[in-house]
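As given in Swiss-Prot:
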- 22-157: domain 'Obg' (DOMAIN)
- 158-353: domain 'OBG-type G' (DOMAIN)
- 164-171, 211-215, 287-290: GTP binding site (BINDING)
Amino acid sequence: MVQIFKFLLKSNKSPARAHFRPSFLDTLRLAVRGGHGGNGLPKYGGVGGQGGCVYFVAKEGLTLRKMAQGLKDRRVAASSGEDSSKVSIFGKRGVDTRIEVPVGVQVYDEQQKLLADLNENDAKCIVAGGGTGGCTGNNFLGRPGENRIVNLDLKLIADVGLVGFPNAGKSTLLKAVSNAKPKIAAYPFTTIRPQIGTIEYGDLRSISLADLPGLIEGAHANFGMGHKFLKHIERTRLLLFMVDIFGFQLSPRHPHRDCLANIYSLNKELELYDPSLLEKPCVLLLNKMDKEGAHDILTKVKPIIDDLSSGLADCPEEVRPKRVLKFESIVPISAINSTRVTQVKSQLRRTLVRLAEKQFVSDGEQIKEQLQQRVGLVGPRIT
């Protein structure tokens, strides 16, 4: 009878497809606690050992998911300091706990105050200090270590961030130009997690390209998990916008936007999310040029795309930005046929090289200015 009831109560729901199971983790919440300070010894004036601290170290090649698998209960603690004794007047310090985290992690406390930005390999930060050992100042009673909740927020570090609406062909392009193998299908939101591909060149130079899930209108207000995806382009050096030359319609309930309206809409989403993103250099790809009528549309919209401010008057008010983008270049392509893909790779490289040269000159001028300020009237001026 028991077996019959088990059979009847057994759920007939099929498990979720592997594609929709969460495999990309970009946030993690941890409870961290520094070690308790050791007690002192009043009779001999002994001092207890300092409690150990918890610190993070950034390591390349690590992911938050791998890190989380090693921290099942999401709790991290350092060891306590040693009590003072007759044979050890000064107690030994507690052992520190070292936790490796992915490069690109930002550490926040519960009040969303930034504690550390670990964007370089081997960068370190203490997230929970150890308690003070017992001494005359605290009646020889060791103090508890720092106890707090920290949130780890991973922002992908890539040279180029690929931005666009769903079904624009971003994953197809990523597969064509890099070693990545993203899922590709003829429906929106095929990409449901960020992916990074590497563009390799004949001289062994490589460029990393981050493909983000498609945005929707209102992404700046976190519609469609917009914040979860937009944050990953903050650390990219170059933005690569990709737009369907025939426009895009999210669903029958949403209006159809032509390619110009889509460009303005993406422009506005970035402007509302973080205006500083508009200062990043950007390249525009107009995709699906292999279809009939594409070149007629291109001829019509190209002069406006060259100067987006000239088309603001005709832009729908709900997608009209206050400040427009200025594209470094505009490349019409067919990602599915790999048309002009080589040109895209060359353009990305040229733009990044030009940015590096500008940064080098800027850094040199800054160093020169700092040296002049230090020398002042004491030594010769640098000319």
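Glycine is treated like the rest: Cβ placed from N, Cα and C.
Taken through DSSP, the domain 'Obg' (22-157) splits into 9 helix, 48 strand, 79 coil. Following the DSSP three-state reduction, the secondary structure of Met289 (GTP binding site) is coil. Other Cβ atoms within 10 Å of the Cβ of Asn167 (GTP binding site), summed over all protein chains shown, number 20.
Mean model confidence of the domain 'Obg' (22-157) amounts to 91 (pLDDT, 0 to 100 scale). Considering only the binding-site residues Leu212, Met289, the Cβ with the fewest other Cβ atoms within 10 Å is that of Met289.
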